[in-house]
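Asker: Per TrEMBL, the features are:
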DOMAIN    1-334  domain 'WD repeat-containing protein 54 beta-propeller'
REPEAT    250-291  repeat 'WD'
Amino acid sequence: MYHKEKSIQLKSSASALYNNLSVLRIGPRSLTHFTVVHANVVNMVSASWDGLNYSHRQLQSKEGNVATSSSLILQAAWCVLPARELLVLTSQKGIQMYESDGSIMVYWHALDSPETPTAQAVFARGIAAVQEKFVCVGVSSGSLLVFDVPSKGSNITLSEMLEEHKEPLTDLGSECSGSQEFIADLVSADDSGLLCVWKSGDDFQLLNKIPGFEVTCSSVKLWKGIVAAGYGTGQIRLYEAITGILHAEINAHARWIYSLDIAPFTGLLLSAAEDSLVRVWHLTLTPETNSVEIEHMYNECVTDTQICGAKFCDGDGYAFAVTGYDLSEIIRYTQA
């Protein structure tokens, strides 16, 4: 179903972080942009569709007006809003928002550091663009920060702090189908596996809480009102967002899942884990019977690689990319 393409070299290797790959496509069959985190640096690569031409850039972790920082970056992801695209970085010190090419930092939000050292680490992790103007970011305290982003300029404001989680947030997933018919448009996950389902607006509303049974949910997606959640057990669970009904539970991997992704136009689901396997599944929704089916389509063993990031490169799932811990390349696969 898929075959391996020429890899894209990185300036430095990928850190062992959940969801350590972000992809932004500029136009059909033109440029694809990738980001991969290494310690306190973000590797940015722009590649032509055929993989023959690249350009590299590295972003250093910053703290406000300080030029560089040694604080570790936990995640880098593009947030695509209707009026603009931002590159968002989360670290041990705070949240940085850049123009999509990384050229200009437009916003900096510092995290509250305790006066005295505590056993609790301080960091931000989990990034999602929601609806017309919101960028949401998770924090280790369990808070979910909602930023109101204008169509241009740097007048970004923290509009809300949502306090339903008690454990560090791991990932956020916004409704990716592009349809306005679904009430839920954001799901947040934490270290205990708890999922919170939200409706966005000037005041975000909590719609549902789905318990996690004390197993970390490391990656979460929301598609057509269905939550796809990947866990430290290697399981994938499919829930109905509004009701919390469990539609399917799959023992997808032998080790910790590090990344999930959905191709919104086709319902293909990508999963990747520490067991060196990348799997492609197909989700089928039948509204008449309120049922969800999942079918295994493809798997690829990335030999001797602890996979930490996997993303589709397009909305159809025609191609996907993979990163691995201590690997200085992005491995690409396209449909045969």
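A Cβ is built for glycine as well, from the same backbone N, Cα and C atoms used for every other residue.
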Asker: Go through the chain and flag residues at least 6 beyond the ends of the repeat 'WD' (250-291) whose CB is under 8 A from any CB in it; none is fine as an answer.
Answerer: 1-2, 18-21, 176-178, 218-221, 223-224, 226, 228-232, 234-238, 240, 297-312, 314-317, 320, 322, 333
Asker: DSSP says what for the repeat 'WD' (250-291): how many helix, strand, coil residues?
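Answerer: Result for the repeat 'WD' (250-291), in helix, strand, coil order: 0 helix, 26 strand, 16 coil.
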